[in-house]
Structures are given as structure tokens and as C-alpha cells.
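Here is what TrEMBL says about this protein:
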- 41-65: transmembrane segment (TRANSMEM)
- 85-113: transmembrane segment (TRANSMEM)
- 125-143: transmembrane segment (TRANSMEM)
- 163-183: transmembrane segment (TRANSMEM)
- 192-212: transmembrane segment (TRANSMEM)
- 227-481: domain 'GP-PDE' (DOMAIN)
- 493-513: transmembrane segment (TRANSMEM)
Amino acid sequence: MADPPGCCSTCATCLLCPYSCQWITAKKEKRKGLRTTKCDCSWFLFLFCIFLFTLVWLYFAIIILNDFHNFNEFIFRQRKLWLDWSLVLLIATAVLISYSSVLLVLALCLQLCGQPLKLHWVHKILLILTALVVAAAFTGLGIKWAEEWKSARISLQATGPFLHIGTVGGMTLLAWPLASFIYRTRNTGLKVFLLLVYCAALIALYLAPLGITSPCIMEENQLPAKPALVGHRGAPMLAPENTLMSLHKAVDCDVQVFETDVMVSADGVPFLMHDEELTRTTNVQAVFPERAALNSTAFNWTDLQQLDAGSWFLERRPFPTVQSLSLVDRYEAAKQRIPSLGQALEAAKQSNISIMFDLRPENHSDYQNFVNVTLGVILQSGIPLQQVLWLPDGFREDVKQQAPGVQQVYGRKRFKNEKEPVLHVNLPYQDMSSEEIRQYRQDNISVNLYVVNQPWLFSVLWCSGVSSVTTNACQVLKEMKHPIWLLPSSTYLMIWIVADCFSFLIIIWAFVLMKKCSHRRRPAESETDVLLTKINSLMQE
């Protein structure tokens, strides 16, 4: 193991105190003759792995923020408790990554100063707990939210080139403590093993861009047109979802389609509502407490009109943007009521935007009647049928016969032997690769992907050539005039080569410099060893 060659007493004390939880000066450390043992090295390796583990989880936490509103809604349906759990996630992740990062930096500084890596048992327990918490988070993600693994794959297309440069930089910085350890340790086998592992990882990183693909690596003139925006339940960050105010706010964001959900009341009036229960987006518990748990379709239209569909938005603040609403918008939001489909169609017709909707619940015993009633309202509204995008699969053939002008949107990919051409598809953004999007574009098939809220995701899909995206954040995506980044392949190749060469030169310099430092220490250490040997001989005589 490495011998401690001595260090500034103050520096050693400042480093050892938080890492080893002991107030020991460098001189006392020498007198005690402590060295870094194999067990200490094992704990350092464990610390390094925990750091990488939490770093990967931090990356995942940032990625899943795009879909976290769905998780908030899921928790509310299960526990009837509304909370922005994304804040809890980010705070917990920040604590874990900060703790492991600080310990790792202390360990590397201790190694550079030649001090022993005596990790305190409290830190060992906390590191084990950190590993268990992060492992539990990944396990829960895989069981309950497996589609987010696909989101991570897509995110690599947006972040791959930058992750490569960042990782190369990290490996370059790691060369300093590694070189210090190698020139101090006397274990030849350990030296060879560490060098081989480090060199193999470095070569893999240097060649990693050969496997990095991103749709945003293209020439400027190859960039497709900006995708159209579809307002998910309107503009739910600016107004209560599935209300007329939300529709009008979406129009202000230049959306081309208002996406909503339709249910049919007990007396046959189609109305806008996403959840099967009314508890999340109305005050049904206060008005009809004994009926609050009933399905939305169990209420007649007169009862539904008594419900407040806006105050919940101001009280629960489903998005951080609610805090920045003006007094006028707050007053208008508080007055919102559940709109009928007829009212929504009239507003869409006046605003000259399309409307796309699901008809729920599809497993209802009277679903065919729901379809007929909904079609009747559409035909009576006078809206141009080409502005209506029909999503439900149930009784689709009847819809084609009764309203042939309605645009049929399919929630699936096209089949190989499709009888009728599929012109519009509406899918989760995780379900289509960039290659499939390009192929559909070449075949003149309109592709709408949902739900896209983060600019990085919008940028990747923009570069891929998607026709439109459904979003909660229309006010954010509206302002984007260009993808976050766009690099010609020649520019990326130059960045890749320069970064790798610069990293290689710094690593060579680190090893050469550390070798010179180790040679300077050897004469002093040899004289000390001779003196100690003489003293030991005199004492024995």
C-alpha cells in the first residue's frame, strides 16, 4: 500500500477530520504509523462506485422530469394527496450526490497529500444506505415506470456528445490521484491492474463517438420545419385543464390543435373531463360528498354545471407556473366550469384550431351510444369536419360512415398490409425511433408524439422530423426558434479529436509530473530509513 510521505499539518487535519471523523495532525498520524490498507482501498472503490451510481440516478431524475406530472396524478388517484413530488425527488437526489461527491473529493485530496484513507464507520453506513436508496429508486422505476428506460435512450441522443466530453474530462482529472497512488505504492500487481483498467476505460471513451448517434448532428439546411404544437388539455400550466380558459390560453400559444378528453353525462351530454372521477379537478367532494367517488358519467349535466372546475388549480398549483399568474388570470381561473363538447367545438371553430379527443371510458357498457351522441354534437356544431381529429378506436368504422370528413388518428403504428392508408398517428414519444419518424415523414404520414414538455426532448424530435408534439408547456416551446443545439458532423468530428488529444496530453503530463515529485521525495525518505535503522540497531545492542 502507499506510504504517507507527509503533508502540511493544517491541510492534513482539514482533510482527515471530515473523512475519518478524527482530529489528527500529520505528525500524530506519522507517529501512529497508519497506512492505507487493502480494506481502505476497497472502501474507496465502493465510494467511487456509489458516486457513479448516484450520478447516473441524477441523470435519470432530470430526464423523468418531463413526465413527472403523470406521476403526481397517479399518486393523487391512489392516495387522494396532491404534492409536486418532483421537488422531493430533486432534493433527495441532490443530497445523495452532494454527499458522495464531497467524500470522493476528500479521498482524492488525501491521496494526493499521501494521507491514509481511513473512512469512518459512520460514512460506511451512510454509503451503504445511499446504495440501497438509489437501488430501490431504480427498481421502482423499472417496475412502475418502465417506459422511462426508453426515455433515457432518447435522452442520450440529446446529451451523448456532451456526456462524452464531460466523461473524458473526468477521466483526465482522475489521472492525477491515480498517478500519485501508482508511484507511491509498492504492490506491482496492483499497479499493473489499475493501469490496465484505466487505459481500457480511456480507450473506450476516446472511441465512444463512433457509437454516438444524434439526429441533431446535421447541417443547418437539413433541419426539418418546427413541429406544430398540440395543447395537452389546452394550456394546463396557464389555466385549469380541459376548460375554455385553457383552450383560449393554448390559442395564445399558437397551438394548432386542442387535445382533450370527452365523457358523456348520464343524460347524454358530452363534456370535457380526463379522470373517471371528478375529485382531482372539481369541488365535487364539497358539493356532492356522498357521490364524489362515482364515475363522471354517473352525473347529469345539471349536476356537473354546479361544480367549480378552476379553484383546485389555484389551491394545488399543479405546475410552478401557477404562482406567476396575474390577478386577472387568477380571477378567471376561479370562475371556470366544466365545458360541454359543444362549447369547446364552438370555441375551436371561432379560434380556427383543430380539436382532437379521446372518448372515455372505452370499457363502458353504453360506449356505442357515447360514440353516436358525440358524433351528433360534432355534426350539429357546424365546425368543419377536417378540424376534428378522432382518436377512439371503438366503432371507428361507424364514425367513418357517419362523418367521412373527420380525420382519423390512430394510436398505433401502421401495419404492413394496411387495407386503408394511415395518414395520422398519435403515439407516446418513447414508442418511435428517429429512423421510424423519418420513414413516416417520407411516406407523408403525420406523426404526433406526446407528452413533450422539456426543450431538450422537443429539440431531438424536431431534428428527427416529427410533425407535431402534444405538450403541457406550449408557452415554453412556442418561444423556441431553433433546437437547443445543432452541430454539423464535421464540427463534431473536430471537437471529438481536439478533446481526446487535449485529454491525452494532460494525462501524460500528470504522470510525468507525479513521477518527478516521487523522485524528489525518495532521497529524503531513504535518509530517514537509514537513520531509523541505525537507531534500531543501537537500541538492540
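Glycine is treated like the rest: Cβ placed from N, Cα and C.
Since this is a predicted model, take the numbers as computed values, not measurements.
Ranked by Cβ pairs under 8 Å to the transmembrane segment (493-513), the stretches 41-65, 85-113, 163-183, 192-212 are led by 163-183. Residues 46-47, 50, 53-54, 57, 60, 64, 92, 96, 99-100, 103, 149 of the same chain lie 6+ residues outside the transmembrane segment (125-143) yet bring a C-beta within less than 8 angstroms of a C-beta in it. With a threshold of 8 Å between CB atoms, the same-chain residues lying at least 6 positions outside the transmembrane segment (192-212) that come near it are 156, 160-161, 164, 167-168, 171, 174-175, 178, 181-182, 492, 496, 500, 503-504, 507. Counting same-chain residues at least six beyond the ends of the transmembrane segment (41-65), those with a Cβ under 8 angstroms from any Cβ of the stretch are 1, 71, 86, 89-90, 93-94, 96-97, 100-101, 103-104, 107, 117, 119, 124, 127, 130-131, 134-135, 137-138, 141, 145, 148, 151-152, 155, 454. Looking at the domain 'GP-PDE' (227-481) alone, the prediction's average pLDDT is 96.
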